[in-house]
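Engineer: Sharing a structure below in structure tokens format, with a few things to ask.
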Amino acid sequence: MNYFNTLNFTQKINQINKCRFMKKEEFNKKNDILKNKNIVIVGCGAQGLNQGLNMRDAGLNISYALKKNSIANKNQSWINAIENNFKVDDYDALIPDADLVINLTPDKQHHSVIKKLQKLMKKNAVLGYSHGFNIVEFGEKIRKDITVIMVAPKCPGTEVREEYKRGFGVPTLIAVHHENDINKIGLEVAKAWAFSTGGHRAGVLESSFIAEVKSDLMGEQTILCGMLQTASLLCYEKLITEKCNPAYSAKLIQNGWETITESLKHGGITLMMDRLSNSSKIRAYKLSKEIKKILSPLFQKHMDDIISGEFSNEMMKDWENQDLKLLNWRYKTKNTSFETAPVYNEKIPEQEYYDHGILMIAILKSGIELSFEKMIETGIKEESAYYESLHELPLIANTIARKKLYEMNKVISDTAEYGSYLFSESAYPILKEFISTLNKSDLGCALSHQSVNNIELYRINQKIQNHPIEIIGCTLRNYMKKMKAITVAK
């Protein structure tokens, strides 16, 4: 039973609204509450391994519990843990003595894993998640004596480790499941866990399981994964239709997302648009307005289906059906013309990605703003909406730069992958019709310089800079820069 749907209206609003930017003084106790405790991480994939490495470096006692057949077959999780000199054993051997059990297995495995863990966990132990799907959407019931918390780094596991090694961290969301906080220690343990992964150095949001799940699902389905996938396929097809070099076209898109979104990290949509000439900026702005208009109903449907639980219900049916839809979509994507395009070995200058990618920039702007706006309209706070619509975008774009959509879909969770395909199935025909009407200069070659109306340009600049995501983004990015400066100075 979907936990969110069991709440009354006021409870739903309070949970979705929960979001507080925590002060650095709140982490003065560091991770003292977890020192000399037995911490067992279940699963040793990207998040499991890299969070564990950080926590060990922070002075905590970390071991890994894996399934017996994973150990016997020496699978990748076992290799990850052993090669990094961690203690590894099965559930029966490690869970009964654990003070904190952190479940970092894939979403679809959570129910069966949690069922086993609950039978083995000692009284008053703490259970941790990094994504709340199992609690919120599946409605998992946890033993009342067990405290349930969440620490969710807002990036892939590899980035969690790399930022920690640089002496910094990644923005992190923490939460306590208030149905399971009988000893009132949840927040202190979550803070200590976030401190140990380095999250306190980049900024921590105190949120709720519900706010994390609903915003996370919306972001990954739309702008973070679904929009990038749809746009990659359609932009490549558009370039081929215009008789552009297939290898150049593929590289422009594959590396273009990463190059362009790098500007988002430093100055948001404003800086991304400022990288264009004035005439190109005006064109990108107008295209973005049109894209927002035609895609707004689809973004709204995804938000509505996430809030109602319809999305999760349909995806869990696919789990029961051996991932039939997911595997079919994965096969289709793997065999698209973009994924199988030839390699372009020449260098494309950085500015060329902007000058030849007006449409790509318009798609990014419209997708970020739509995703953010739909979350805000639903009651999700601006800080959460920013992290789930803009902040993670360069990290996802980086996966496409490595091995196109194959790499993105391999790195993201199965839940994100399913949602991405679902969005793309609907967005593809809508955007295809729109893109077919565009000018050649919108993608693949530079727009010739045109006369610019000063008043029009001024108004466009004002609208870009004054969008709510730019205002909250400026605040959050400045906070991260200050925290990084303090950390480096130490």
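The backbone N, Cα and C atoms fix where each Cβ goes, and this holds for glycine too.
On a predicted model such as this, the values are computed, not experimentally measured, just so you know.
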Engineer: Quick check: of Asp181, Asp216, Asp274, which does Swiss-Prot put in the same Mg(2+) 2 site as Glu388, Glu392?
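Structural biologist: The record-listed residue among the candidates is Asp216.
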Engineer: I'm trying to understand the geometry here, so how far is the Cα atom of Asp216 (Mg(2+) 2 binding site) from the Cα atom of Gln109 (NADP(+) binding site), in Å to the nearest whole number?
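Structural biologist: Their Cα atoms are separated by 19 Å.
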Engineer: Here are some recorded positions: Lys67, His131. Which one has the most Cβ atoms within 10 Å of its Cβ?
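Structural biologist: Compared across Lys67, His131, the most Cβ atoms within 10 Å surround His131.
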Engineer: In the structure shown, with every protein chain counted, which of the binding-site residues Gln109, Ser413 has the densest set of Cβ atoms within 10 angstroms of its Cβ?
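Structural biologist: Comparing the binding-site residues Gln109, Ser413, the most crowded Cβ belongs to Ser413.
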Engineer: Out of Cys44, Ala46, Gln109, His131, Glu388, point to the one nearest Glu220 (Mg(2+) 1 binding site) in space (Cα versus Cα); all of them are recorded positions in the record.
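Structural biologist: Result for Glu220 (Mg(2+) 1 binding site): the nearest of the recorded positions is Glu388.
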Engineer: Could you list the residues of the same chain, at least six apart in sequence, whose Cβ is under 8 A from the Cβ of Glu388 (Mg(2+) 2 binding site)?
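Structural biologist: Listed in sequence order, they are Lys154, Ser215, Asp216, Met218, Gly219, Glu220, Leu224, Ser371, Met375.
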Engineer: Excluding Asp216, Glu388, Glu392, which residues of the same chain place their Cβ within 8 Å of the centroid of the Cβ atoms of the recorded Mg(2+) 2 site?
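Structural biologist: These residues sit around the Mg(2+) 2 site: Lys154, Ser215, Met218, Gly219, Glu220, Leu224, Tyr387, Ser389, His391.
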Engineer: Which recorded positions are spatial neighbours of Cys44 (NADP(+) binding site) here, meaning Cα within 10 Å, out of His131, Glu392, Ser413?
Structural biologist: none
